[in-house]
Structure formats: C-alpha cells, structure tokens
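First the structure, in the form of structure tokens, and then the observations on it.
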Amino acid sequence: MASFAIGSHHLNPFRQFKKHSLHPPLSPASPPPSFGPSHCRFRGSTRFGGGLLVRAEDKARDSSYSSPIQQDFTEESGNCDPICSVDETSSQEYEANYQPKTDLLKAFAVVGTALTGAAAINHSWVAANQNLAMALLFGIGYAGIIFEESLAFNKSGVGLLMAVSLWSVRSIGAPSVDIAVSELQHASAEVSEIVFFLLGAMTIVEIVDAHQGFKLVTDNITTRKPRSLLWVIGLVTFFLSSILDNLTSTIVMVSLLRKLVPPSEYRKLLGAVVVIAANAGGAWTPIGDVTTTMLWIHGQISTLPTIKDLFIPSAVSLAVPLALMSLTSEVNGKGQDAADVMPSEQMAPRGQLVFSIGVGALIFVPVFKSLTGLPPYMGMLLGLGVLWIVTDAIHYGESDRQRLKVPQALSRIDTQGALFFLGILLSVSSLEAAGLLRELANYLDAHIPNFELVASAVGVVSAIIDNVPLVAATMGMYDLTSFPQDSEFWQLIAYCAGTGGSMLVIGSAAGVAFMGMEKVDFFWYLKKVSGFAFAGYAAGIVAYLAVHNLNLSLPTTLAEVPFLSGP
C-alpha cells in the first residue's frame, strides 16, 4: 500500500537504528544463527510512514521449530539479524562523525512558529486573513516535516501540531465555531476510516511476517540466471505489492536478494527493480497503495474498474524498465549465477495457515465492501478479528510464542506512521474546509485546462514530496461533480501518484527502505535507475490513454460476478 516519503527525503536511514549486542555470546566454534526477512523491519513510510525507522525485532525462537544452529535471544538482548547488524557499524560510525548544523534551522523554525502563533492570538487579524494565516502555518509545518532530519523534530509530532493549529485558525476565521466544529467532525470521520484501515492492514501483515509466512513466496524463486532473475523478482514483487504495502514488499524481496546474490552492482540493480515493481504493483488495486486506498474509500474510484483500467498501465510501467535494464552490462554481461549466500529460517508452526488467512483477509476487503456496502475498514477489521481468534487458538497455552499473537504484533506496528497520517490528513482537510484547495483548483483549471497534465504533474512532484498530502489535496480540489467516480482523472491520479515516486530513490517508502538495506547512494540511483523509472512512468501514462481511448481493458467477465459488480 504504498507510502510515507515525507521526511525521508533528507533522512539518513541509519540514524534511528536501535543498538544491539549479542547475548548470550556465541562461541567461536558455534555457527552463525539463521534468520529470515522478518527480523528486520522498516517502520514508517508505507507508503506507511515518512522517515525511515529501522527496528530489529527481538524474536525468541522455540526449539520445536528452530534450526539447531539458532540461538535464543531475549528481549533485553535486543539482537538483530545480519540484515540489520550489517548496518550497525555504519550507524555507529555515522553518528560518531555526524554533527548537523541544526541550531540556525531550529532558530528559524521556532521564530517562525512563534510569530505565526502571535498573529493567531490576534483574532481580528486571523478572521480577516484566514487564508493567509493557514497558508503560512501549513508552509511552516510542511517545511518542518520535510527537514525532519536536519531539525531533529519528529514528523508525526509536527504533523499533529500543524493539524491542531490549522483547525484552531479555522475556528477563528469560520462564520461561527459551530460551523468549524461540524467541519472538523466530518473531516475526522473520513480520516479515521483511513487510519483504522491502515492499522488493521499493518497488524495483519505483521502477524503473517512473524510466522515467516512470506517464505511461501520467496522460497519458490529458484532461478539464478541474471536476466531471468531480474524478471522473476520484478513480477513477484509486482503482484505481492498489489495486496501488501510497498514497504513490506520491498523488505521481503530485498531480504530475499541477500540470500540469492552476493553484494554487487547487479544486486543493487535488482533492488532497484524491487522498488519500481513495488510502486507499480500498488497502483492497480484499491488495497495496494495507501493513496489508491484513500481514493477508493472516498468514492473517487471503485474496485473492478480500477483493476481493469490500471493493470495494463502499471504492468507497462514495470515492463519498460525491466526490458531496458536487461540490456545493461550488469545483467547482460557481468551478472553471475550465484548460490544462496545466507541460510534461511524455518517457518513458524502453522505459518502456512496464518499466511493463507492473512492474505485472504486482505483480498476479501473489496468483496466485503461490495457485499455489505459498509466502509472498507470494517472489512479489514473483520479480517483482523478472524486472524486474532485463529492465532489465539493455534498458540493456546504456548507462553513462549506470545510474539506470534496479535497483542505483540500491535506493539510492533507503525503507530507513529498512523499518527502522521492523522495529522497530515486533518491538516489538508482544514485547507479544504477554508476553501483554499478550491481556489487552487480554479487557478489550475484556468492555467492548465488539460487534466492529464495535472495528473502527470502530481506523479512527478510525488518523486520529491510525499504522495499522501498530494492526493489528499487533489481530492479536496476536485469533487465528484467535477470528475465523477472512475473518471480518467481519478484513475490517472491513482496511477501517477503510485508510480511517480520510483523516479527518485527518496520518492517512496520502498526506495528509502532500499537505501537503508543496501546502502544505496542517491546519486547512484539517479544515474543508474531514474532514467529507466521515468521511461516506465511515461510509458504507463501513454498506455493508459491508448487503452482508454481504444476502449481496451482486461476481460470483463468478472463483472458478471455479483459481488464484484458494485463499487
């Protein structure tokens, strides 16, 4: 579901590493413990979050399903698998030498906030200049989010403070406080649907991951031929990301690459393919990317038309980069067949069952919405409830496997990212209530009458600025009377916002996670990958326009299924 790229644009991915030490120590004769991809989680931008928070999950292994060479690690030891611990030294060296010049920036931020707050105290000025006051507040808050790393202010706290400040100004500038309260209640109801949906989805994915369920996917990739592996990795990530968020898909697939390919330029290129495929895969299903989910929940797009009309453009946006990358020397000449380079962890007991229920719960959400007409978050909560009962039942009486149950999973999900969403979406809704977004839409209509260009521009900007507020602003600028449900505009917004972030490594949560796991430099990605990603992005737009104008799409036989015929 893709992304929280705000704040990640200037964020060193190793700065927030949790320190770990081995306990108990391994003897020299002891072989290294085996690990799976779920040991290392990137929390935050999912596009589930903004900055990249790397946390090693402390997972005690039960001897009944652990391999003999595994060691038991306690919560106090805070152990991390090789994927994380490889970055530990880099994190320590970076923090030892990193001395940011933040005093001046902080001073500007504090002074700017103080001046804005002082102006807000003057009710008469705010009432007369509400739009200017809200624009200044939003600009200051947004700058605080973007420069989170330099200012050392957490973006979630900045987002919440910005939301409350903007609504406070709105209450002063509104015709009456009652009107402002009514607007806030309406906005809160819409935002809470998205937050509940994300919390449920993140918990389900965390439970499946704790059971090593994704090994059912990754263990079936056996090819080691460079060109074949390039396409297999891309296609698997593409479909995996259509039901998972792009951040989780990236972590799973990059972890797999560590087992298949030794460190090299070729492995970096494969990781870049994962980023492009994860963002492309999230754009063609309502649950594949958080921005697509936002459009779906609010009624701008519906399930079947989105899948039918966006699958081909999304597939093209992946196929073009894959085809071009297949011609590079890293794949065509220098790539080498490689055996596994890291041992694989065994799946937890009943891991296949948990994987099947978890993935089935995610896929069932659109079906539930069509059958009942209830909001999508209710279907997500239904799936979470079923998985909760199942895991309680299959692990009943197993006190040493508490980490496999939902309460432990809830402690590991990205609550900070959910609060960031709450703050940014409430902030944007305040601008919508005040009429600022409508004024911006009128300006764009007057100067850029072509809606295809507007949607394309949103995708390009999303490579730099997080796509969540961009899409939220677009939804506030244009309503369903301007562009009805499933119109070309909304479908293009879903595609462009979902895939545009691939053009820069900092443009999506998937890219930021890839930077952290493989230590990829911004300029390496810009030189080696950005051109391919842009070619795929542009080709996807052309494919969408061609398919739509020629009335081509996926076969429509699914439309005859009763529960898929509705929105």
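Think of each number as a place in line: the chain as shown, counted from 1.
Glycine too: its Cβ is placed from the backbone N, Cα and C atoms.
The compositional bias 'Pro residues' annotation in TrEMBL covers 25-35. What TrEMBL lists as compositional bias 'Polar residues' is 63-72. Positions annotated as domain 'Citrate transporter-like' by TrEMBL: 143-475. The region 'Disordered' annotation in TrEMBL covers 19-40, 59-81. Annotated transmembrane segment per TrEMBL: 229-257, 269-287, 353-371, 377-397, 418-437, 457-480, 492-517, 529-547, in sequence order.
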| field | Among 229-257, 269-287, 353-371, 418-437, 457-480, stretch most in contact with the transmembrane segment (377-397) (C-beta, under 8 angstroms) | value | 353-371
| Relative to the transmembrane segment (529-547), which of 229-257, 269-287, 353-371 accounts for the most Cβ pairs at distances under 8 Å? | 269-287
| field | the transmembrane segment (229-257) in contact with the transmembrane segment (418-437), cutoff 8 A, at least 3 CB pairs, sep 6+ | value | no
| message | Under 8 Å for C-beta pairs, could you tell me which stretch among 353-371, 418-437, 492-517 has the largest tally with the transmembrane segment (269-287)? | response | 492-517
| task | Could you tell me the mean pLDDT over the domain 'Citrate transporter-like' (143-475), as a whole number? | result | 84
